[in-house]
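> Below are the structure tokens for one structure; questions will follow.
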Amino acid sequence: MSSLRQIAFYGKGGIGKSTTSQNTLAALAEMGQKILIVGCDPKADSTRLILHAKAQDTILSLAASAGSVEDLELEDVMKVGYKDIRCVESGGPEPGVGCAGRGVITSINFLEENGAYENIDYVSYDVLGDVVCGGFAMPIRENKAQEIYIVMSGEMMAMYAANNISKGILKYANSGGVRLGGLICNERQTDKELELAEALAKKLGTQLIYFVPRDNVVQHAELRRMTVLEYAPESQQADHYRNLATKVHNNGGKGIIPTPISMDELEDMLMEHGIMKPVDESIVGKTAAELAAS
């Protein structure tokens, strides 16, 4: 058996991270790879397109019902979906209570101890990435995820999140084996999006693995709780996800330690591409009336 690849998809909330990851993993499964998805997002939507389900029961909620994690069996928490992809959701605490990261690491330890990682080619962690708090950085900190793919777009906040996630990877890169595999741009059809994605990848010292074009077939598939590969396998969009999966598959061992940039450098990059205009310091803090009078 080939060595296990532990990859993770990080990205700003709402960027299409879970959709991109599930379509990519479905394409890897089509290629004959054995996949385990470990959802680490409190929304517990990391497996819905694979399982055709609203939200999978999470390890934490099942453990709470059973008494403790020790009272669970692997078959209680693991579901098998499209192309025999195995699916688990770690879950998180109630909003405002506790740390989601603790749930993530509890879940990963439970899965490892109960043989979930046996006879698997890829374990994929789907992780919320707006906040690189200690909790959501768990798969990186604990040296579980070795290869990080950041899903982003040409929007400033998505690039800001990608840069922040890179800072988290850099922090743990030397103590563990974690590396940045590359950026995946999920097109939002903003100005100069491809140019910006490539420019950010260059600044971070990595590569733009793939530019996924926007297509309404993705939404049509999502409404049916399906991946594009299952819903419309002959579509051009399905082929884009297959191409992305091939790029990821061929990228093993090629990850880098990123070189994150400052907020000023990020803004300079946006100005260079004409997305942001330099701020006229003389107008900062002035009301509309004051500006009209000046």
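Using the three backbone atoms N, Cα and C, a Cβ is placed for every residue, glycine included.
Swiss-Prot feature annotations, pasted as is:
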type: BINDING; residues: Gly11, Lys12, Gly13, Gly14, Ile15, Gly16, Lys17, Ser18; note: ATP binding site
type: BINDING; residues: Cys99, Cys133; note: [4Fe-4S] cluster binding site
type: MOD_RES; residues: Arg102; note: ADP-ribosylarginine
> If we count other C-beta atoms within 10 Å, could you say which of the binding-site residues Gly11, Gly13, Gly14, Gly16 has the fewest?
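Ranked by other Cβ atoms within 10 Å, the binding-site residues Gly11, Gly13, Gly14, Gly16 bottom out at Gly14.
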> Tell me the Cβ neighbour count for Lys12 (ATP binding site), meaning other Cβ atoms within 10 Å of its Cβ, over all protein chains shown.
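Lys12 (ATP binding site) is surrounded by 24 other Cβ atoms within 10 Å.
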> What does DSSP call Ile15 (ATP binding site) in the simple three-state scheme?
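Looking at the DSSP assignment, Ile15 (ATP binding site) belongs to neither helix nor strand, so coil.
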> I want to verify one value. Collapsing DSSP to three states, which class is the residue listed as 'ADP-ribosylarginine'?
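Looking at the DSSP assignment, the residue listed as 'ADP-ribosylarginine' belongs to a helix.
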> Between the Cα atoms of Gly14 (ATP binding site) and Arg102 (ADP-ribosylarginine), what distance do you get, rounded to the nearest Å?
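Counting only the Cα atoms, the answer is 23 Å.
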> Can you check which residues sit near Ser18 (ATP binding site), meaning Cβ under 8 Å from its Cβ, same chain, 6 or more apart in sequence, and list them in order?
Phe9, Gly39, Asp41, Lys43, Asp45, Ser46, Arg48, Leu49, Asp126
> Which of Lys17, Arg102 (the recorded positions) has the most other Cβ atoms within 10 Å?
Lys17
